Amino acid sequence: MHPAHLLVLLGVCVSLLGAARIPPLPLSLDDFSNLITCANRGSRSWLDYAHYGCFCGSGGSGTPVDDLDRCCQVHDNCFGDAEKLPACNYLFSGPYWNPYSYKCNEGEITCTDDNDECAAFICNCDRTAAICFAGATYNDENFMVTIKKKNICQ
């Protein structure tokens, strides 16, 4: 093996060792899934809401199919407001990737005081949505409704 190849191989190995020690970045989406579990006391996973109605999950359009879907519409609007805050205006990330601090105690969610302005705003958006989800009726027919009824969300 040529010495240049050994140098490249050594560089790759060192890079991989360094990368393995980098802890994963906590994300607002991870926090939101935990708040959902907290508010509904583990009765439903965040995955149950990922493709529900016209507004739960990525994007959103049309008219909400029910109260639960309306919770998602309000959450989308809240994040839209967060994106307009100077404190939440990040070049490549925005509020969806900003972690925040919170406490969960027997279904009660508290956004902690150590959050910066953007994290506090996002935490309150997610907290409000999680509580709304827990209080709304889940209709299995509205899960993946955009696939079942193609034109429902236009």
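Just so you know, the numbers here start at 1 and follow the chain as drawn.
Keep in mind that glycine also has a Cβ here, set from the backbone N, Cα and C atoms.
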Swiss-Prot Ca(2+) site partner of Phe55, Gly57, Gly59, selected from Asp31, Asp67, Asp76, Asp81: Asp76
Per Swiss-Prot, the disulfide partner of Cys118, chosen from Cys88, Cys104, Cys132: Cys88
Disulphide partner cysteine [Swiss-Prot] for Cys153, chosen from Cys13, Cys38, Cys54: Cys54
From Cys78, Cys104, Cys111, partner that Swiss-Prot gives for the disulfide involving Cys123: Cys111
When distances run from the Cα of Cys132 (disulfide bond) to each of the recorded positions Gly59, His75, Cys118, the nearest one: His75
Cβ-Cβ neighbours of Cys38 (disulfide bond) (radius 10 Å): 21
Cys71 (disulfide bond) versus Cys56 (disulfide bond) - Cα distance in angstrom: 8
Residues within 8 Å of the Phe55, Gly57, Gly59, Asp76 Cβ centre (excluding the Ca(2+) site residues themselves): Cys54, Cys56, Ser58, Gly60, Ser61, Cys72, Gln73
Recorded positions near Cys125 (disulfide bond) (Cα-Cα within 10 Å), from Phe55, Gly57, Gly59, His75, Asp76: His75, Asp76
